[in-house]
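A.B. asks: Heads up, here are the entries from TrEMBL:
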TRANSMEM  20-45  transmembrane segment
DOMAIN    38-289  domain 'G-protein coupled receptors family 1 profile'
TRANSMEM  57-79  transmembrane segment
TRANSMEM  99-121  transmembrane segment
TRANSMEM  141-165  transmembrane segment
TRANSMEM  193-218  transmembrane segment
TRANSMEM  239-262  transmembrane segment
TRANSMEM  268-291  transmembrane segment
Amino acid sequence: NSSDLSPSFILASIPGLEAAQAWMAIPLCSAYVLALAGNGAVLLAVRLEPSLHAPMYLFLCMLATIDVALATATVPRILSFYWFDSREISFGACLLQMFLIHTLSAIESSVLLAMAVDRYVAICHPLRHAAILTNTATAKIGLVAMARGVLFFLPLPLLLLPLPFCGSRVLSHSFCLHQDVMNLACANTTPSVVYGLAAILLVMGLDAVLICLSYLLILKAVLRLAAWKERLKVFSTCIAHICVVLAFYVPLIGLSVVHRFGRDLAPLVHITMGNIYILVPAVLNPIIYGVRTKQIQRRILTLIHVNDR
């Protein structure tokens with residue numbers, strides 16, 4: 001096989017289940033619609049409810065927007081593959097999708113860190129919270145998170161752009177990821193490997209450490225309170241954020257482990273882990289905050305009631 005500087009790639013299918021792909025797409029499509037509806041409802045509720053125009057809920061809006069963008073960058077292409085057998089994806093489209101997935105994930109990680117800092121300031125320095133985290137400061141944090149994601153992950157497709165590809169061009173997932181595409185190159189990929197690992201550690205890895213540090217400081221402050229009821233009441237304000245952090249980082253770690261140690265695993269494992277990574281946070285985040293936030297519940301129920309009329 002001769003190398004090609006602008007190849008196309010083949011999205012992964014599950015061996016032996018190609019005939020059932022149209023049926024397998026139904027739960028995927030349902031999860032996508034649920035993610036769009038849930039995150040859209042959160043965005044609308046925050047916009048229409050003045051009491052929710054606070055940093056924590058503005059960060060939640062950023063999170064909802066990122067989840068919708070990430071799901072939209074991948075799921076429609078997967079559905080076109082499952083329903084119309086459109087397995088081939090061009091080199092440029094693959095690199096663009098890869099850039100969007102990694103960049104949006106990095107921005108989401110930064111927003112989760114900002115939400116952890118918001119909880120830390122609200123609990124440990126409540127009198128200074130309004131002065132420190134103003135709406136203007138929140139908007140600036142969002143812009144920094146976006147710039148950070150773009151700057152750190154823009155080099156990934158640029159490093160792959162000059163590489164020749166030969167032999168197998170079948171990906172491990174139904175969408176494009178950096179490590180997956182990089183493994184198909186028939187050239188030295190050391191710069192891409194080193195930079196990819198460094199970017200992940202400096203963004204997601206550092207964010208995870210700082211989130212843990214924030215919660216250690218929060219826990220220390222909570223334990224200073226005398227009454228257990230007061231401790232539980234204060235810490236309960238963090239439960240939704242903790243669940244959202246787990247919904248993001250657990251699939252991310254699982255996907256990384258599968259890539260690193262699961263080359264001999266069945267293709268179904270790779271495809272399932274990839275879909276979980278893309279869709280689980282987008283589906284769960286609005287449910288978690290919808291259940292934990294009474295103002296969001298009331299506003300969504302009001303909207304539903306008005307529409308029923």
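Any Cβ shown, glycine's included, is placed from N, Cα and C.
TrEMBL labels come from automatic prediction, so no person has curated them.
I would like each feature placed in context: is it buried or exposed, what are its neighbours, and how far apart are things?
C.D. replies: Counting same-chain residues at least six beyond the ends of the transmembrane segment (20-45), those with a Cβ under 8 angstroms from any Cβ of the stretch are 13-14, 52, 60-61, 64-65, 67-68, 71, 75-76, 78-79, 81-83, 85, 275, 279, 282-283, 285-287, 289-290, 295-296, 299-300, 303.
Residues 11, 25, 28-29, 32, 35-36, 39-40, 42-43, 46-47, 89, 97, 100-101, 104-105, 107-108, 111-112, 114-115, 118, 135, 138-139, 141-142, 145, 174-175, 244, 275, 278-279, 281-282, 285-286, 289, 293 of the same chain sit 6 or more residues outside the transmembrane segment (57-79) yet have a Cβ under 8 Å from a Cβ within it.
Tertiary proximity for the transmembrane segment (99-121) is limited to same-chain residues at least six positions away from its ends with a CB under 8 Å from its CB atoms, namely 55-56, 59-60, 62-63, 66-67, 69-70, 73-74, 128-129, 132-133, 138, 141-142, 144-146, 148-150, 152-154, 156-157, 175-178, 199, 203-204, 207-208, 210-211, 214-215, 217-218, 237-238, 241, 244-245, 248, 252, 278, 281.
Long-range contacts of the transmembrane segment (239-262) within its own chain (CB-CB distance under 8 A, at least 6 residues past either end) are made by residues 63, 105, 108-109, 112, 115-116, 119, 172, 177, 179-180, 200, 204, 208, 211, 215, 269-270, 273-274, 276-277, 280-281, 284-285, 288-289, 291-293.
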A.B. asks: Using Cβ atoms and a strict cutoff of less than 8 Å, what residues sit near the transmembrane segment (193-218) while being 6 or more residues removed from its termini?
C.D. replies: 102, 105-106, 109-110, 112-113, 116-117, 119-120, 123-124, 148-149, 152-153, 155-156, 159, 178-179, 182, 235, 238, 242, 245, 249, 252, 256
